[in-house]
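These notes are about the structure you will find just below.
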Amino acid sequence: MCESCGSPAFGRFSRRSLLKASCGLALAGGMAVTGLAPASAQSPPQNAISAEAALKRIMEGNARYAANTPNERDFSARRAALAQSQHPIASIVSCADSRIAPELAFDQGPGDLFVVRVAGNFVNEDGLASLEFGSEVLGAPVILVLGHSGCGAVSATIDVVRNNTTLPGHLPALINAIRPAVDAAKTDNPADLMAAATIANVRLNVEKLKVAAPILSARVAGKRLQVVGGVYDLSTGKVTLI
């Protein structure tokens, strides 16, 4: 244990200060190795809004993006404030695909979105920990699992399932994470398996997050967190909630 952790003054810190001070180690603008401080223990941040308002705001931003009428932004205006803290209005689980950037797709600025990205937009243990931080510590009232059309990870999983092939390296781990969605989509024999599997993958991960104990499930039950899913259309830039 470091000296600061063992000092009498340490016990007088707020739970938020614990994150910043404990052992001198901080992650993601305030997460320390000793634990998480609930956002409810802090005074409301300047952009504290309900889940409904947050979802409305990002969907309005997507409409602007799709119409090519994004808000003009002075990125230097908030830089000093953001260097001190962050208060995102939503967490996004997005694919790593280079053709979609959530901050652009929802016309939001730095500090507005807490984004977790992985090929295939599924939730693994590391992603779940990040989302717990975004909700419990940063107070983001919404998690949006965002799939997209033409997802290479979903397409590769379909090919593996159909042809019973094995991919090299660590790619099988990615395939195994998405395969349950492909298997679920196949049961309905859809005309477009790719589209059906993309939607199924989003929905499976939404449900996974809703029941993720102990943090996210408690926040969902307490109506402090809303978990939703959507699909981004690469050809139009529009996000459709599902």
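Cβ atoms are placed via backbone N, Cα and C, with glycine included.
What TrEMBL records for this protein:
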type    : residues                     : note
BINDING : Cys95, Asp97, His148, Cys151 : Zn(2+) binding site
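The local packing around Cys151 (Zn(2+) binding site), expressed as other Cβ atoms within 10 Å of its Cβ over all shown chains, amounts to 25.
Other than Cys95, Asp97, His148, Cys151, the residues of this chain whose Cβ falls within 8 Å of the Cβ centroid of the Zn(2+) site are, in sequence order, Ser94, Ala96, Arg99, Ile100, Ala119, Gly120, Asn121, Gly147, Ser149, Gly150, Gly152, Ala153, Val154, Tyr232, Leu234.
Its Cβ placed at the centre, Cys95 (Zn(2+) binding site) has 24 other Cβ atoms within 10 Å. Looking only at other Cβ atoms within 10 Å, the busiest spot among the binding-site residues Asp97, His148 turns out to be His148. In three-state terms derived from DSSP, His148 (Zn(2+) binding site) belongs to an extended strand segment.
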